[in-house]
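Single-structure report; data block below.
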Amino acid sequence: MRFLLVLNFNERFGARKSRRNEALSSGHNNILRGQQGEDLMSEFPAKCTEMVLAFKDMLNYCDPDITPIKLLGFEKLFTEHADRIIASSSNANGQTSDVAARAGLKELQEACYRDILQAYGDKEDVRMTEMIGTLRNLSSMSQSTEAMTHYAEDRQNPTSVVQIEEEAPVLENGASCNPRDFGRSVYEKISIAQWLPKYNLEKFRGDLIASLAVGLMIIPQGMAYALLAGMPPINGLYTAFTPLIVYSVFGSSRELAIGPTAMVSLILPTALSGTTTPDADDYVMTAIFFAFVYGIFLFLLGVLKVGTLLENILSRPALTGFTQGASILIACSQLKNVLGYHSHVPYTVDNLIGALFENIGHIHLWTPLIGIPALVIILVMKKVKKTFPTIILVLIVAILISYLAKIEENISVEIVGKVQKGLPAPHFIEGITDRNLLTRSLGSIVVLTFVGYAESISVAKKFAAEHQYTLLVNQELIALGLCNIISAWFQAYPVAGSLPRTVVNAHTGSKTPLATLMACIIVGIMLQFGTDLIYYTPLCILGAIVMSAALSIIDFSEPIFMWKVGKKADCVSFVLTYIATAFFGPILGVATAGLVSLCQVIYHSGRPDVFELGRLPESTTYKNILRFPKAKLVPGVVVIGVAAPRLSFYNYPWFRNGMEQIENDYTHRNNSRLIEEIPVGTSSPPTSHVTTNMMDDTTTVVQLEEQPIVIPTNPNDRLHTIIIDLAPIEAMDGTCLLYFLELKHSYKQKNVAMLFANVKHNVVRSLKKTGLVTTENERTEVFSSIEDAVHYALGHSLAAPTKTETLDDKFPLLKIFTADYNVDEVNLITF
């Protein structure tokens, strides 16, 4: 229910009086004047809230570019004004008098006006100018302020008007600079503070089961992925420990399992190849340094709120091609561990397969006899029952066999060997002050950032959609960044979200990030008390675990589906990225994925559909004449539409060619599709004629019909006007604006007018800055609809005048209190 404050002035506002009387007579308002004071007193807080929301709606309407944070900042500021006024307008019993309520509403209105004028007083946009002009129509701000001050003194309110204005300044981004607000924003980033107060026993049961499954799974995977990354197995366990603690505090996903992943571990040796090698003494230190800088990158991306932008930077076909190519690469990289030979070649399929054939005579017989059966058992059990802890059982059996049979001594099968006992201790990051190291590794870290982000967010969003909750992408970036920054001080290498562990975490009942924290406890127990068991772990078993994870990812159903539905370009993107990743390495694979995604965007958005619009019979709607055969063409006028969200350097040539083609086709128009006349309104409101019969004293009322006004058209008219419908266009770049300037000059020489219709306010602003549209000719070149532009083109003097909706009409609650204001004459009407 919306309330309207109407000012009953004797003559100037007679129309408002009549509307009020109409509302009363039609039954919309049965409140007697004597009851209005009681209603205003009882509903004063609700009306203050209503006015705050109305101001918020007006800002959202007048400034479509306003960010949600800035809008929230204004709403918060308006609400603070309302709370203060409600508190100061109430007496000792918490009640508000009729006069105090009315004056309080006026005070709230003017306080909000001042905030808006302060923020938008220098704007030049059309809608903003209208809003500012409306606000400045207050007859005298000084009189109004004086009245407020007088009323504040009557209430003995210690808050002065100056204090009200300086109470909560607003920053440019809409956020308050109150330290309390800053503390609240920081508090909101600590996710554990949001879900922990709502925690219960039912959630604990699900988290406990999930933590046992993930904790037992991450131990062998941590050691195995460390081998893939060229790191010692103990660093893999460190990477499976510290990040889990950090993510449980800051992460927003309920299911995402953070830690070492196959994809990041695969990229790491290639990324470090420009600075060090896995055999070098500084390899571990450099990998830890990478984790620190990688975390800073992710953290900054989250703080700058560019997560949504990065989320769509890689197309799905390109990302799938990279994932599938990397899975083949990961599987091939573990052949040396499963078969028992040594090689150090770059991570590409051809190099790895070549190394296999070169070392086929050096394969250790007992190693594949242990590794291959373990690999087969894991793969078969994944097909039979995914939730069965096959990896844990295989690892335990292998450790027992290794311990009892002394396989290292008796049959020379390689094992992990001695690892450091205890939890990871803080460790200084060597190279943190080495500027040259940062410069050499910057490009690789950027690639690693994209891969880690894409892998983590895609997995988290998938399960957030399944469980119907919103994932905070920027919060996830902050959490992932902090995981890497903090864990780097505890000897961990880069981490991301793991798909296999996340699947297990979700399917075993994880409800909150506490499952991640409890899984970390299991890893901590292993580090503190189980390092003696890790000593006997065969390397071929760890290789089989990595290979099984990679082979389970291989899936060509998506490219097959794309081919079936005729999306050949998507198939090409998949194939190119797959080949680049598998045969040229993961770094080049990521670069190819980004390049292919960019080419896809340019290919699809660079060829917008340009078409001619026609008028549908008995309507003012214009549609594509190729899709709507009944649409009529206007003689002498060409209406052009374009299906694109923006006009830019990469699609304007296609748009230009389309316009030229439509213009050239004008002389070949089908006369049967030309409209003969266009109605633009009626002569006058309907009237009646009264006749009286004197013989029988009867009266006859004859209703006179409206006379339509039409604009006749001439089928032989030359092309004199081109109307461009810019309804879908959100923005234009400088290249397109220069093209329109050239086009306007060309049309002017041909004596052809160029008009714009359905132009968004930010596009109008761009047109004004380039001189395409000026304040003087805006009303004759920019129109709110195609119909208005056609009326102008054919003879605007005949067009019926149309009423322009003002802010007063759109937001009736915000009617201006002028100097004529009289409290006794304010009436509350309920519609």
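Keep in mind that glycine also has a Cβ here, set from the backbone N, Cα and C atoms.
As given in TrEMBL:
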{"type": "TRANSMEM", "residues": "208-228", "note": "transmembrane segment"}
{"type": "TRANSMEM", "residues": "257-277", "note": "transmembrane segment"}
{"type": "TRANSMEM", "residues": "283-304", "note": "transmembrane segment"}
{"type": "TRANSMEM", "residues": "363-381", "note": "transmembrane segment"}
{"type": "TRANSMEM", "residues": "387-405", "note": "transmembrane segment"}
{"type": "TRANSMEM", "residues": "437-457", "note": "transmembrane segment"}
{"type": "TRANSMEM", "residues": "477-496", "note": "transmembrane segment"}
{"type": "TRANSMEM", "residues": "508-527", "note": "transmembrane segment"}
{"type": "TRANSMEM", "residues": "533-554", "note": "transmembrane segment"}
{"type": "TRANSMEM", "residues": "575-603", "note": "transmembrane segment"}
{"type": "TRANSMEM", "residues": "633-652", "note": "transmembrane segment"}
{"type": "DOMAIN", "residues": "647-793", "note": "domain 'STAS'"}
Go through the chain and flag residues at least 6 beyond the ends of the transmembrane segment (363-381) whose CB is under 8 A from any CB in it; none is fine as an answer. 337-341, 388, 390-391, 394, 398, 401, 407, 411-414, 538, 540-541, 543-545, 547-548, 551-552
Spatial neighbours of the transmembrane segment (437-457) not adjacent in sequence (6+ beyond its ends, CB under 8 Å) are 256, 258, 261, 263-264, 267-268, 270-272, 274-275, 286, 289-290, 293-294, 297-298, 301, 307, 310-311, 313-314, 319, 431, 471, 473, 476-477, 480, 494-497, 499, 586-587, 590-591, 594
Contact set, same chain, for the transmembrane segment (533-554): CB under 8 Å, 6 or more residues outside the stretch: 220-221, 223-225, 227-228, 233-234, 237, 262, 323-324, 327-328, 330-331, 333-334, 336-338, 340, 367-368, 370-372, 374-375, 378-379, 382, 391, 394-395, 398-399, 402-403, 407, 413-419, 499-500, 526
Same-chain residues at least 6 beyond the ends of the transmembrane segment (633-652) with a Cβ under 8 Å from one of its Cβ atoms are 602, 605-615, 622, 624-625, 658-659, 662-663, 666, 669, 673-675, 678, 713-733, 735-736, 739, 757, 786, 789-790, 793-794
Are the transmembrane segment (257-277) and the transmembrane segment (387-405) close enough to be called in contact, which here means at least 3 C-beta pairs under 8 A that are separated by 6 or more residues? no
Cβ pairs under 8 Å between the transmembrane segment (208-228) and the transmembrane segment (575-603), at least three: no
Recorded stretch, among 283-304, 387-405, 508-527, 575-603, maximising Cβ pairs under 8 Å relative to the transmembrane segment (477-496): 283-304
By Cβ distance under 8 Å, which residues at least 6 away from the ends of the transmembrane segment (387-405) in the same chain are close to it? 213, 216-217, 219-221, 370, 374, 377-378, 381, 411, 413, 415, 504, 507-508, 533, 536-538, 541, 544-545, 548
Report the mean pLDDT of the predicted model across the domain 'STAS' (647-793), rounded to a whole number. 78
